[in-house]
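Feature annotations, courtesy of Swiss-Prot:
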{"type": "BINDING", "residues": "Gln87, Asp207, Ser208, His209, Arg537, Arg542, Ser781, Arg782", "note": "substrate binding site"}
{"type": "BINDING", "residues": "Cys438, Cys504, Cys507", "note": "[4Fe-4S] cluster binding site"}
Amino acid sequence: MTTNNPFDKVKDVLKSQDQTYNFYNLSKLQDPRIEKLPYSIRILLESAVRNCDNFEVHEKDVENILNWENTANKVEIPFKPARVLLQDFTGVPAVVDLAAMRDAMKRLGGDPAKINPLVPVDLVIDHSVQVDVSRTVDALEQNQKIEFHRNHERFSFLKWGAQAFDGLFIAPPGSGIVHQVNLEYIAREVMNGTGNLLYPDSVVGTDSHTTMINGLGVCGWGVGGIEAEAVMLGQPMSMVLPEVVGYKFVGKLPDIATATDLVLTVTNELRKKGVVGKFVEFYGEGVSTLSVQDRATISNMAPEYGATMGFFPADENTIDYLASTGRSNTKIEYIKNYLSSQGLMCNYKSQSHPIFTTTMELDLSTVVPSLSGPKRPHDRISLNSMKQDFNSCLSSPVGFKGFGLTADQIQKKATFTFKDKQYTIGHGAVTIAAITSCTNTSNPSVMLGAGLLAKNAVEHGLEVAPYIKTSLSPGSGVVTEYFSHSGLQEPLNKLGFDLTGYGCMTCIGNSGELAEPLAEAITKEDLVVAGVLSGNRNFEGRIHPLLRANYLASPPLVVAYALAGTVDIDFETTPLGVSKKTGQPVFLRDIWPSKDLIQQTIKSSVLPDMYERVYSNVNDGNKSWNELKVPTGLLYPWDEKSTYIHNPPFFKTMELTVSKRPAITNAYCLLNLGDSITTDHISPAGNINRKSSAARYLESKGVKPEDFNTYGSRRGNDEIMVRGTFANTRIVNKLAPAVGPQTTYVPTGELMFISDAAEKYQSEGHQLIVLAGSDYGSGSSRDWAAKGPYLQGIKCVIAISFERIHRSNLVGMGIIPLQFQPGQNASTLGLTGKEQFNIELPTDKSLIKTGQTVKVTTNCGKSFETILRFDTPIEVEYWANNGILSYVLRKLLH
């Protein structure tokens, strides 16, 4: 049931290039509070006004947003994003769920065709390609062949989805990285809907770095796959109206600093500030000196600094970027006219600015060349402190900034033979150097900077050691076009940075294997070797299992460290080598390109027709994609033999009516965890360990170890993913004596794989909980980090704090998030994890309130109070329905 929109009275007409458009004109509300609102909140306001029907979106919601100054962080609002963005690791399980929902819809007597996206959905296949082959001119071709061999089942399923679901566009493998493709091609900036109705573009994506689009002035952030599926099916998102931190930029970046240095600085500062669950909106004259690509780099890492968004309102630079990337003049004109008419066009040089919850300031001129690491993206180190910091980490106690080595261990070296030559390496040896990730490959200034540095190095005859795994994996074919046009691909190739693929690759751990002699040497001497990458995450175990120190850096610094061969170097005092041209030592400063030269190269080599040429072919696919044979029809014909695509159990026993959720009594603790447990720890994306439960399952199905592929590629199969839950080899569980995916089966004291213990608990009818520290679930927006625990029988997670997306995912799967009271944790309460737990939460949903106190008791006589992290009333409904998808399915059936 819907009613007429009470705000139709503010509908207005906009003329642009002889075309007439309609829009909901916020100025016609004649409310002085609008001008004070942050730009990001104005976009939420427009959505509420346009979608108001007093059923899903109410007039009270509009008033709450107008009154943001007094209601921020106090009220819940509905939000209807304009579109949904997927990548294949999270997109495959989303489409699997939609296919399973169609089956359930038919079983329960409904129309399966009702399960169809109601908003545009774009899926870019970018997570499957790996750096199997590198340092050769045909690496791209070889890696793509291997990718199709490994993933033909998944790709076939996605191709079926493209024809089965209306409004689902799929960019085939090799198109680029989802967020760069979104920035350069997919993003509309302003949507043109039915009846020429204009409204702001907005997006939610099943990848936490969806925020990259904030650099273009588009509202967008990462959500769990299950929440995205609900949005696809027309369900408004329920969210707490966020506080907005205003971050003022003054001055401009010094010549030697890059956008990467800036984002690592911003990430460090905002993590210290604490912005989880908040919007960050950038303002001040300094912003006007940054290109859209610079801004997108900063927005990309919003998950790393903890914010829901890192938002840059649109300005003239935004309009120029749209033109430079080949958007049509007609679109650009109505975009500019609409944003100006709607009060969404920003003048960063203006002295006036919106009211913010709180403000911060950064003088851009103070930014210096930087890296972050060795284990977290917000642990920034200035380049001139890098050598000292790394050596300090070697001897410091094991932790985020320590490896706990003794003085004797620090002296260890390893000698090995590679391609008939002997090499000796020590701690800090660079073994992976990757120009990777949409964070940086979308930005011509740092990419061409790397190319120019490579050119200068080659002119001096400098080389990169052949055992170092170097790779170049840009986020779109546009990079290849401008590298080719500028002549800079050739020097990069000479240093080993041949094109390896268009996808996430090393940034998400798809780094492939190291050379065998090198890997054996590292393992034998237990060396702390390093990776240097232009990515956005460096959590332990993510980039490669053998690399314990990983540093985020700009593309030019990636090339520099590859040349150096070690992170244990002071570039100011130690040369990269001796010039074959002059016979003199060559320092980094001698080959670092000037900002003027970089800008000249951008002007001459990055051309609008490159974007048009690359993206005009995106719908055509490639030969391998086009030759894929796929089934047709509304319902997917599940193949029980498939180890990639499997009909999940989420809806198989679901009934039309809702049953009361059972009480949690005498539950055992499956894991007792510490701080900063990431979604990589909970549901790894990388290679499947040959000794794991998932490996045993695959072998039982006749899959050879060389064909195991990665956990990320297997997310369409629940049987593998439940066995891969908590299977990270670096997970630290206090119920196990050593690091790794084991736990104690409490009833007998037996040590076993976590997944085996979960299966044993379930077979004996025991409920499960997890104890955890702060920032539980940080990292990627990985729905299997909630689906896996759900299938393992985990009913509740008790933590000091939760990362935003993961908390939402837990609720979306019907798992209860409980938060310890301030100052308390498992240790202070004397909990070992060997107790049995009773969670005193009412089973009647009408008795449950958001944020209420929930008492937990144990069989040892201990009791403590926790905070229920159902943050909005609708989340109580999701839990009562055993998850958001069951809730939506029942809604569609009724």
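From the backbone N, Cα and C atoms, a Cβ is placed for every residue, glycine too.
For the binding-site residues His209, Arg542, Arg782, the ranking by surrounding Cβ atoms (within 10 Å, all protein chains) places Arg782 first.
Around Cys504 ([4Fe-4S] cluster binding site), the same-chain residues at least 6 positions away in sequence with a Cβ under 8 Å from its Cβ are Gln87, Asp126, His127, Val129, Ile177, Thr436, Ser437, Cys438, Ser473, Asn510. Among the record's substrate binders, Gln87, Asp207, Ser208, His209, Arg537, Arg542, Ser781, Arg782, no two C-alpha atoms are more than 18 Å apart, and one pair sits at exactly that spread. Within 8 Å of the centroid of the Cβ atoms of Cys438, Cys504, Cys507, where the record puts [4Fe-4S] cluster, the same chain has further Cβ atoms from Asp126, Ile177, His179, His209, Thr436, Ser437, Thr439, Thr441, Ser473, Gly475, Gly503, Met505, Ile508, Gly535, Asn536. In sequence order, Ala434, Thr436, Ser437, Thr439, Ser473, Leu533, Gly535, Asn536, Arg537 constitute the residues six or more apart from Cys507 ([4Fe-4S] cluster binding site) in its chain with CB-CB distances below 8 Å. Cβ neighbour count for Asp207 (substrate binding site): 31 (other Cβ atoms within 10 Å of its Cβ, all protein chains included).
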